[in-house]
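Quick look at what Swiss-Prot annotates:
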| type | residues | note |
| --- | --- | --- |
| ACT_SITE | Glu53 | active site |
| ACT_SITE | Asp71 | active site |
| DISULFID | Cys24-Cys145 | disulfide bond |
| DISULFID | Cys48-Cys133 | disulfide bond |
| DISULFID | Cys83-Cys99 | disulfide bond |
| DISULFID | Cys95-Cys113 | disulfide bond |
| DOMAIN | 19-147 | domain 'C-type lysozyme' |
| SIGNAL | 1-18 | signal peptide |
Amino acid sequence: MKALVILGFLFLSVAVQGKVFERCELARTLKKLGLDGYKGVSLANWLCLTKWESSYNTKATNYNPSSESTDYGIFQINSKWWCNDGKTPNAVDGCHVSCSELMENDIAKAVACAKHIVSEQGITAWVAWKSHCRDHDVSSYVEGCTL
């Protein structure tokens, strides 16, 4: 019985933690999902963005008290403008997606929303990209990856 309880907690912690991508694994996944060069944004820039936004973690969240909104998932997509979490006041839901879907291990919906955001606002919609990736050599983010 004790072993079952421990096993249950182990599975629960994996479910809560989500998937933390290895850098090259994420590069291959983003390329497969069509982000390499999408709207002129290189794969290396997407890797830099996701590293600084979420450390490649699909379950990452960050609450923003000033806007009473939350950023979700590997791209840290905001509930005020892009997804519906059912609790953010005056949310727009521009991607027409539940915020919880942006935290799935299968990141196809998160990528689709990121494509929508970059189509409307460009890569500068992400503060982490402006702070850590813009005007930097980001080639190291894809270096050594078999793409």
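All residue numbers here begin at 1 and follow the chain in the order shown.
Positions of Cβ are set from backbone N, Cα and C atoms, glycine also.
Positions of the features from Swiss-Prot, shown on the structure.
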residue	record	DSSP class
Cys24	disulfide bond	helix
Cys48	disulfide bond	helix
Glu53	active site	helix
Asp71	active site	strand
Cys83	disulfide bond	coil
Cys95	disulfide bond	coil
Cys113	disulfide bond	helix
Cys133	disulfide bond	coil
Cys145	disulfide bond	coil
Among the disulfide-bonded residues Cys24, Cys48, Cys95, Cys113, Cys133, Cys145, report those whose Cα falls within 10 Å of that of Asp71 (active site); none is a fine answer. none
Set of same-chain residues at least 6 away whose C-beta sits under 8 angstroms from Cys83 (disulfide bond): Tyr72, Ile77, Ala91, Asp93, Cys95, Val97, Ser98, Cys99, Glu101, Leu102, Cys113
Out of Cys48, Glu53, Cys133, the recorded positions in the record, which is closest to Cys145 (disulfide bond) when you go by Cα distance? Cys48
Just jot down the residues in the same chain as Cys133 (disulfide bond), at least 6 apart in sequence, with C-beta under 8 A of its C-beta; none if empty. Asn45, Cys48, Leu49, Trp52
Between the Cα atoms of Glu53 (active site) and Cys24 (disulfide bond), find the distance and write it as a whole number of Å. 17
